[in-house]
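**Q** Take this structure first; my questions come after.
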């Protein structure tokens, strides 16, 4: 995260606002900042999304290729994350300054997507034991304004929703060799199901209270936060992973309250994100153009 210098008086002001459930920007402890989401921005990617959460700006691109499945999981596809912290986000990211933060975000996403119940890797398999889709999810942090875990997970899920996989047909050749034919028609494609794709919810502890969507200034005032991975299954939120950030400790009762708050907020976020993505898809397409003449 970007370092923000605060005086003791400013930290006390933020602490008192959290205690009164009236934060510096007028939000309550359960409120998120304004959010803007765009999809399909990167033309040379299979799917992309850009999310702006107040001053946090995230760009995600998804690229696909055909690979060989892991021998231990022959019926599963592959998923790989990469996070790059742009030096324009904050001067601290210059050189290798953002490598630790990038690695932390990658590990958080990998742990959240690790379970087959959180992401169905079987949908990426083409021929068990022989061919599968491998997705490269490249995440670029353009601006850092706090709460990167939540913003990155929201943008990644939106980019997966926007991802189009070309339709593949298999042909059996001589000697049992299978040949794959990939459709070059941009409208002949399949989508990735995102119903169970997890979201990360950061629950930040400031004083004796817990809050969501901390700003950069509020992150400075917190000694410990818990990142809750929430996955939806049959319309119910499930906990798919957690980890602590910061150098502080947390009482078990506080931890229980944080997990309950994270599950509640994660369910609400998932419903809003899914609704937003479906509305955008209905508004802008994809629609097959009407062919005329010899193209019929």
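Here the Cβ of each residue, glycine as well, is placed from N, Cα and C on the backbone.
According to TrEMBL, the feature domain 'Exoribonuclease phosphorolytic' maps to 32-166, 197-264.
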**Q** For the domain 'Exoribonuclease phosphorolytic' (32-166), give the DSSP counts of helix residues, strand residues and coil residues.
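**A** Per-class counts: 37 helix, 51 strand, 47 coil.
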**Q** What are the helix, strand and coil residue counts for the domain 'Exoribonuclease phosphorolytic' (197-264) according to DSSP?
**A** 19 helix, 32 strand, 17 coil
